[in-house]
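Colleague: In case it helps, TrEMBL gives these features for our protein:
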type	residues	note
REGION	1-21	region 'Disordered'
COMPBIAS	12-21	compositional bias 'Low complexity'
TRANSMEM	40-63	transmembrane segment
DOMAIN	55-225	domain 'G-protein coupled receptors family 1 profile'
TRANSMEM	75-95	transmembrane segment
TRANSMEM	115-135	transmembrane segment
TRANSMEM	156-178	transmembrane segment
TRANSMEM	190-211	transmembrane segment
Amino acid sequence: MPLLNVTEDPTPDSSPSLSSFLPQTNCSVSPSPSSPPYNFYAVLLVMLIFCVVFGNVLVCVAVSREKALQTTTNYLIVSLAVSDLLLATLVMPWAVYLEVVGEWRFSRIHCDVLLTLDVMMCTASILNLCAISIDRYTAVAMPLLYNTRYSSRRRVALMIAVVWFLSFAISCPLLFGLNNTDCSFADPAFVVYSSVASFYVPFIVTLLVYVQILFPVPVDVINAA
């Protein structure tokens, strides 16, 4: 069956019209007005992926090679860089795929794993920032303890382990069917749960810690209390 439906005029001297070489369909030949923005966002996401990967790889390499940078705070920064790096390599390419294709064409299990990774890596980034703020508060408010027992690598390893455990605990309900909608964050219960646990609570803790660092309570007020 030919792809093009070409019709000829019965008169030999007549030339075929341009419309006769076009396939007879009900669709308009004009491009969809939504096509350019999708392509633009896809290119923008690809550029963002390369920037995120490049920057966070540099952070990890710098800390691993320079002993002077191997401090407690920088270990937490490396944990933050790893979470951003995993987000850029495991999750963001699928965002590019959705921008180009426009729909999800894989299995539901694949979708649940992708959404779990998305929530987990974003939560890990926020919790790492919260852990960094707590580490800075410990260094300012309790310098003697921070420079001895509280500055050990075991403490930092414990903080990083807690960050990643909480990140997985917050995101794992997706693997057990909590989000029963399409491949998106549309389930009201999960949206409220994940927003409170992975954003609002760490944000409030981080904000209060930095306020305490900037405006410390005087010692005489503490002794009077």
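Backbone N, Cα and C define each Cβ position, glycine as well.
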Colleague: Under an 8 Å Cβ to Cβ limit, what residues of the same chain, 6 or more beyond the ends of the transmembrane segment (40-63), are close to it?
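Modeller: Apart from its flanks, the transmembrane segment (40-63) reaches 69-70, 74-75, 77-78, 81-82, 84-85, 87-89, 92-93, 95-96, 99-100.
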Colleague: For the transmembrane segment (156-178), what are the same-chain contacts with Cβ under 8 Å, counting residues 6+ beyond its ends?
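Modeller: Contacts of the transmembrane segment (156-178) (Cβ under 8 Å, skipping residues fewer than 6 from its ends): 72, 75-76, 79, 83, 112-113, 115-121, 123-124, 127-128, 131, 134-135, 187, 189-190, 193-194, 197-198.
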Colleague: Six or more residues beyond either end and a Cβ under 8 Å away: which residues meet both conditions relative to the transmembrane segment (115-135)?
Modeller: 72-73, 76-77, 79-80, 83-84, 86-87, 90-91, 156, 159-160, 162-164, 166-168, 170-172, 174-175, 179, 183-185, 194, 197-199, 202-203, 205-206, 209-210, 213
